[in-house]
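Asks: Sending over a structure as structure tokens; questions will come in a sec.
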């Protein structure tokens, strides 16, 4: 729509014929109405998010969101299709003239359906959001939490609307923690409140940009004496277009989530891809460890899907503590040995005696080869002395005898190595 409107303003006349002029005018009303109704739907969504923050995922489902989007476009089509069906003023004799339909009753109908009714819904929803946010903030700030150490009871007191006290008590045996519950509620409410503030800015700019046009259009159509000059009408007409340029600026500046979404949509991820490739080159090798197999050993993993660089369980250039592997029943009751330090070097192979010793089998399972649990992890190569400037990875010397050793934080069962 916008390129054709710009061509009309620059050239001063319409060059695409009468039929395309009618289509352009209808599509212009369709897109503007869909934009305004979308803000109306978002305001309802924000009210639900603030009023029912904990129940929001169950109230607003994917299916309901799709139905809301379909409703927005169906209503927009109903409002905009009138001129294509003949509900318009007589066409001028000159095909080089083209503009929005100024038929009085259609102008009134489209103004009510496209702007004034959605605006009333938006204002009502935001008044409700403000009331709920103010009341909820006051109640959460006035809430008093106590912990009785002797009886191990947790008491949460929240002053509600009629200033009565609701006491919620639970014991540790039940595993319910009111403090964690109120923390979740505070987090969700603050997030929804911030989103509502962002949308409030958007709605404010929407009113400032569209209100002059929807005042000038119906008044100029119904009363010829109140029709504004062409220059004024063009200014208010393009002011409505300008609102669509503001929204992509307001959303990222007010919300990190929207900013990340815009960056992802625009495809500005080249820098992130380069960083990930650099981490893969410098981060060592991916290995697979099968702890309870007969002859359990460390194997070089060939699948990128098993690499912890993609799953976020390993950071390049630093060490991450790996979770301890649970021992088999055959090892229960034995004292856990100190962690063995391992280091994997791409060009250096560890002696086979260290990596291929058979692991003891749990009772009743001898003679069987059970794959057991699979642990995939990344052993980051340690650099040697500072003088080694070639970037090669060398084994770290063992603290006891100066021999090359390995380094990891995962404790191994006795007799595994």
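Glycine too: its Cβ is placed from the backbone N, Cα and C atoms.
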Asks: Looking at the ranges 295-331, 332-368, which is given as region 'Disordered' in Swiss-Prot?
Replies: 295-331
Asks: Which residue range, 175-198, 199-222, 271-294, is the one Swiss-Prot calls transmembrane segment?
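Replies: That would be 199-222, per the transmembrane segment entry in Swiss-Prot.
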Asks: What does Swiss-Prot say: are residue 62 and residue 262 on the same side of the membrane?
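Replies: Yes - Swiss-Prot names the same topological domain for residue 62 as for residue 262.
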Asks: Of the stretches 1-8, 65-87, 199-222, 230-254, which racks up the most C-beta pairs under 8 Å with the transmembrane segment (21-44)?
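Replies: Stretch with the highest Cβ contact count: 65-87.
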Asks: Using a Cβ-Cβ cut-off under 8 angstroms and a sequence gap of six or more, which residues of the chain neighbour residue 21 (disulfide bond)?
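Replies: In sequence order, 14, 95, 98 meet the Cβ cut-off.
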Asks: Summarise the topological domain 'Extracellular' (223-229) by DSSP state, stating how many residues are helix, strand and coil.
Replies: 3 helix, 0 strand, 4 coil
Asks: Please indicate, using numbers and ranges, the residues of the same chain that are 6 or more beyond the topological domain 'Extracellular' (88-104) and have a C-beta under 8 Å from a C-beta there.
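Replies: The answer is 8, 13-15, 17-18, 21-22, 24-25, 28-29, 82, 110, 217-218, 220-222, 237.
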Asks: Going along the chain, which residues at least six beyond the ends of the topological domain 'Extracellular' (223-229) come within the CB cut-off of under 8 Å?
Replies: 216, 236
Asks: Taking DSSP as the reference, which of helix, strand or coil describes residue 21 (disulfide bond)?
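Replies: The three-state answer is helix.
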